Each structure stands twice: as C-alpha cells, then as structure tokens.
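Step one of this worksheet: look at the structure below.
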Amino acid sequence: MEISNETSSNQFFLLSLADTPFLKALSVLIFLIMYILALSVNALLIIAVRINLRLHTPMYFFLSNLSIIDIGLSSSIVPKLIIITITQDTSISRHDCASQMFFHSALIASECIILAIMAYDRYIAICKPLHYNTITNKKFCISMAAVCWALGCINSSFHVPYTLQLPFCRSHVNHFFCEIPVILHLSCQDTWLHEVSMYISACTLGLSAFILTLFSYAYIISTILNIRSIKGRHKAFSTCASHLTVVSLYYGPVMFMYLRPHSRYSLSTEKTASVIYTVVTPMLNPLIYSIRNKDIKSTIQGALKKK
C-alpha cells in the first residue's frame, strides 16, 4: 500500500502493457514477436560474422559487440514486462529493479560509445584507407571494445547505488520498467543534484560520442564529395548508409529521454521513447546492416541451408 511519507517497502510496482484481456494478449504477442526477432537476428548476425572469414574485419567485430549489447538491452526489459502483463503481478523487488537499472544504463552508454567507434572506423576506412590496417589492428579493436564495456559499467556503478539509497515516498512506478530518471521521481528527497550529475554523465558519454560521430561523418562526407567517380561516391556512401540509419534510430529517443527537462513532455511520450530504444531499435539494427550486405546474407542463407 502506498503512503505519503517514506515507504519501507522492499519492492516497486511497474505498469503492465494492458489491462483488458484482448489488449493484454495482443500486446504480449507483439512484444514477444519483437523480442524473439531481436534475439534471432542479432544471434544470426554474430554467427555470420564468426563463421565467414571475409567478415573478420574491425567493422564487423564492432558490429558483433553492438549485437551483444542489443540482445542484453532487450533481455533486461522485455521478459519481465511480458510476465507482468500476463500475470498482472506488477511488483518488482528492489534488487531486481537495481539489476534492471544497472544493465539498462550500462548497455545504453555502451551502445553510444560503440556507435561512435564504428563511425571512427568508417572515417579511417574512407579518409585514410592506406593507414586503415595499421590503425585498426587487433589490439586497437579489443582495446576499444573493452573501453566501451568498461565505461558503461562504471557509469551504472555510480548512478544506480546512489539512486536506490534515496528515501522513497511512493512505490508505484509510472513506467514499464525501472529506469533511473523515472525512479528519481519517487523520492521524498530533492533529487536536483543527482539529476544534474546524471545529465553531466549523459553529456560526457552520450553527447561526446554523438559529437565524435558527427565529426567523423563530416570528414567522411567531405572526402566522398571529392571523389570524381560517381560509382566510387556511391560505393563510399553505401558503406556508411546502414550505420547512419542505426545512429539516427538510436540517438533520437535516447537524447529525448536523457537530455531534456522531464516536465516539458507527457509521460506517455516518454514511455514510447523508452520502448523504441529498448525493444524496437535492437530488433531493427541487424536487419538494417544485413539488408544491403551480400556477405552477411549469403553466410546466413548458407548456414540455414546446412541445418
């Protein structure tokens, strides 16, 4: 039961996707399909990169890391959301809520960084092709992937424990899952300082990664426009089109969620943005990269035929 003063409850209560039987069944079916697709296509992409020697390049190494992040991002949210909707038991323990916040926050930060690294990889490949193999060697790739995962975990390790140490006057979360900005709204205490620190960290990681991506593509586009051959321009643009599409799909909802004052928009819009970057984007990313890539498509088709 929710009370006005500080609650001693060890659990929170989330929203389910729907209340009526028809909408419940429909929403569970939709989310289950999206989740299975996200797992399947990301796993297939990882396998394709693993078994095809032609795909053993830095770009596909980082793409495999992106797929692992997307699998983790969906898995940290969707299974619990489906269970809540089916059972209508919306409770989640503080421990499980902390786990959701930790993995969700860590993976969001890691995805921002990996997308920036992939943009830098394209910059070197197009603007400095003669130095590509020297710069993007195995040591560089492993180091960049390690930095990506480490920064995501460090970011979460700072914000999540502090968030859960706050006193809470409410236990009902007006959201589908535990997310730091939403949990802060439940606190009896003024969370201004923590919100500022969260925005600073979001700007340091997310906005810096986004700016690095923009600078990389500014140089890429400048280089491509100087290519005299129309066929050469088209080929160069096609190598970047998939990554640009993924960046646009990802950064839009994330920046909307974390880099604006929360009072200026409705909570329903906020929930929609969260669903897009935690459920829809992880499902679309591998599809976007695979649609125009003959090597990935042929590898997947060959692996499926063997089975």
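FYI, residue positions are counted from 1 along the chain as it appears here.
Glycine is no exception: its Cβ is also placed from the backbone N, Cα and C atoms.
Copied from TrEMBL, the annotated features are:
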type     : residues : note
TRANSMEM : 25-48    : transmembrane segment
DOMAIN   : 41-289   : domain 'G-protein coupled receptors family 1 profile'
TRANSMEM : 60-82    : transmembrane segment
TRANSMEM : 102-120  : transmembrane segment
TRANSMEM : 140-158  : transmembrane segment
TRANSMEM : 199-220  : transmembrane segment
TRANSMEM : 241-260  : transmembrane segment
TRANSMEM : 272-291  : transmembrane segment
- Annotated stretches the transmembrane segment (199-220) and the transmembrane segment (102-120) touching (3 or more Cβ pairs under 8 Å): yes
- Item | Intrachain residues whose Cβ lies under 8 Å of the transmembrane segment (60-82), provided they are six or more past its termini | 14, 16-17, 28, 31-32, 34-35, 38-39, 42-43, 45-46, 49-50, 92, 96, 99-100, 103-104, 107-108, 110-111, 114-115, 117-118, 121, 141, 144-145, 148, 176-177, 246, 278-279, 281-283, 285-286, 289
